[in-house]
Structure formats: structure tokens, C-alpha cells
Amino acid sequence: MGINLKVSRPKAGSNINMSNTFHTIGLIGKPNHKGTTLTLKRLHHWLSMQGYKVLVEERVAGELGPQVQSVDLLEIGEQCDLAIVVGGDGNMLGAARVLARFSVGVIGVNRGNLGFLTDLPPDSFEEALSKVLEGEFEIEQRFLLEAEVHRHGELKSSNTAVNEAVLHPGKIAYMIEFEVYIDDKFMYSQRADGIIISTPTGSTAYSLSAGGAILTPNLSAVILVPMFPHTLSCRPIVVDAASIIKLVVSPHNSDNLEVSCDGHVHLSVLPGDEIIIKRSQETLRLVHPKGHNYFHVLRTKLGWGSKLF
């Protein structure tokens with residue numbers, strides 16, 4: 001399956017290609033985290049000594065001292081050629097939902113656990129990052145999902161997700177009822193704890209834990225994974241990313257529900273609402289060191305067996 005990604009209109013100073021050099025670099029990280037702060041300080045000093053203009057996201061700027069230039073996340077997207085996110089995949093997801101609106105490249109320094117989206121080691125990032133800054137890098141484009149909640153034909157709320165959009169009952173797990181339509185074609189009705197709609201990026205996250213397949217990042221596809229369905233015959237299904245997925249919530253559900261985007265943003269859902277999930281026009285531009293191997297990442301993070309011969 002091919003992938004046909006639409007890239008947001010380039011902003012001044014942030015159109016990345018292999019012949020360009022980086023001039024302005026943004027630093028983003030998890031606030032009030034000792035390890036992250038140490039790495040951000042090293043990065044800021046190291047980049048500044050090499051003559052780069054460095055902007056620091058306002059939530060962590062105060063931890064680096066008064067000499068840093070503090071900006072918000074939108075300004076990093078508008079002004080920077082490259083954004084470096086220090087933290088785990090959760091920090092990367094939060095930044096990515098905003099930065100995907102722009103053409104800025106994004107690379108991660110892993111200060112979390114698995115770190116599927118964060119390539120650089122925190123204690124020895126200099127060698128790999130030097131090569132990236134010299135032009136030895138690859139850009140991988142990851143599409144996002146857009147989730148919309150409609151009530152009585154009116155759009156009530158929406159947001160984007162890098163990993164997944166999840167319909168679920170909220171803080172206490174219980175069985176809910178809903179119908180699933182693909183491009184206005186009825187697929188099935190479901191009694192379950194919810195359903196996960198995941199991108200290839202998210203297929204190694206919540207979707208994987210719920211029994212979904214891993215989708216390689218170049219696939220133009222999404223996977224629907226029921227959560228504890230009350231049937232033995234319902235299984236995850238992969239559909240084209242161009243599909244419009246509609247979830248119709250039964251009016252007989254007794255309590256309010258939620259659609260969670262990457263586990264960070266929560267959209268309120270009432271009985272009878274319709275949720276539309278579709279591919280977003282926004283695209284995350286992940287920057288990897290040259291020679292990046294997705295299967296090496298899977299093998300390392302998931303403990304797969306190494307080559308025998």
C-alpha cells in the first residue's frame with residue numbers, strides 16, 4: 001500500500017531538505033523533570049556554542065536560566081527549522097499535535113521508557129545530532145487523525161491524534177453500545193469497553209496492548225481495535241486511511257462517554273452522539289539519523305530475537 005501525504009504549507013525559515021542547513025532550533029521538554037532539565041541545559045549550551053539560534057519552550061525555559069529565549073510552542077513551529085523534544089513518547093505526542101501544523105522537523109531525545117519516537121540517547125546525543133545538523137538525516141512523514149464529536153448534526157468539539165483516538169466510558173470501565181460505519185457503510189454494532197482507532201504510529205502503543213497488529217509507518221492505513229468486546233467473533237480490522245470512520249453512540253448508554261486523543265485530550269460524548277474519525281491534513285515530519293531502521297527499533301524496544309546467522 002502506498003502513502004500519499006499532504007504536507008502543511010511551509011512557513012518561512014522552516015522548509016527542510018537535504019541541501020539546507022539548520023539555523024534556528026527549538027527545545028521542548030517535560031517540565032520539572034530532573035533528567036530532562038539536565039539534557040536541555042546540555043543541548044542549549046552545546047547548540048549555542050556552535051552558533052545556532054536556540055529557542056526554548058516557555059514551560060521549561062525558567063529551569064534553564066534567565067539567559068534563554070523563551071517562546072511558546074506555536075512560535076517554535078513558526079520560527080524553527082528543527083524542534084528537539086526531550087522526554088518520552090508522551091512528551092513527543094503532546095508537542096507533535098501542535099508542531100504538525102507547521103513544516104518544522106521534529107527529533108526526540110529519549111528520557112522516557114520505550115521511546116519509539118525518540119531516537120537520540122540522552123547521555124550521548126552529540127555524535128548523532130552532529131550528523132543530523134550536517135545534513136545526514138532522513139525525514140519520515142507520519143499522518144495524524146482528526147476526531148470530531150457531532151450532536152444533533154452540529155459539530156461540538158474536535159482535536160487531532162498522532163497515535164490513536166479512543167471511544168471509552170471514562171474513568172470507570174463498563175460496557176457501552178455503539179455502531180461502526182466505514183464510508184457510511186454499516187460494519188457492525190458493538191458492545192464493548194470501547195474501541196481504539198489507531199494510526200501506524202500508534203500501532204505500537206495502546207492498540208498493540210489491546211491485541212492490534214503493528215502497522216509499518218509507511219502504510220496509508222488505520223486499525224480499529226475493539227476493547228474487550230462482548231463477543232468471540234469480533235477482531236481488529238485494518239482499513240484504508242482515506243476512509244471516514246463513524247461511530248454512532250447508542251442513546252441507551254446511561255452515562256457520558258469520552259473520546260481521548262493520544263490519552264491527552266478528552267472530548268465529551270453524550271448518548272446519541274456521532275463521532276467522525278478521519279485522516280487529518282496535518283503531517284508530522286519526524287527527523288531520523290541517516291540509516292534509521294524501523295525494524296531495528298521494534299527488535300530493540302519489544303525484545304524480538306536477533307539474527308541467528
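Any Cβ shown, glycine's included, is placed from N, Cα and C.
Swiss-Prot lists D89 with the feature active site, proton acceptor, giving sequence analysis as the kind of evidence. The NAD(+) binding site annotation in Swiss-Prot covers D89, G90, N163, E164, R191, D193, T204, A205, Y206, S207, L208, S209.
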Cα-to-Cα gap, N163 (NAD(+) binding site) vs the residue listed as 'active site, proton acceptor', nearest whole Å: 10
Under 8 Å by Cβ from T204 (NAD(+) binding site), counting only residues of that chain that are 6 or more apart: F116, I214, L298, K301, L302
L208 (NAD(+) binding site) to the residue listed as 'active site, proton acceptor' - Cα separation in whole Å: 15
Cα-Cα distance maximum in Å, computed over every pair in D89, G90, N163, E164, R191, D193, T204, A205, Y206, S207, L208, S209 that the record assigns to NAD(+): 31
Rounded distance in angstrom between the Cα atoms of Y206 (NAD(+) binding site) and D89 (active site, proton acceptor): 12
Candidate with sparsest Cβ neighbourhood (10 Å radius) among D89, R191, Y206, the listed recorded positions: R191
Cβ neighbour count within 10 Å of N163 (NAD(+) binding site): 31
Pairwise CA distance, R191 (NAD(+) binding site) versus D89 (active site, proton acceptor), rounded so that it is a whole Å: 31
N163 (NAD(+) binding site) - helix vs strand vs coil (DSSP): coil
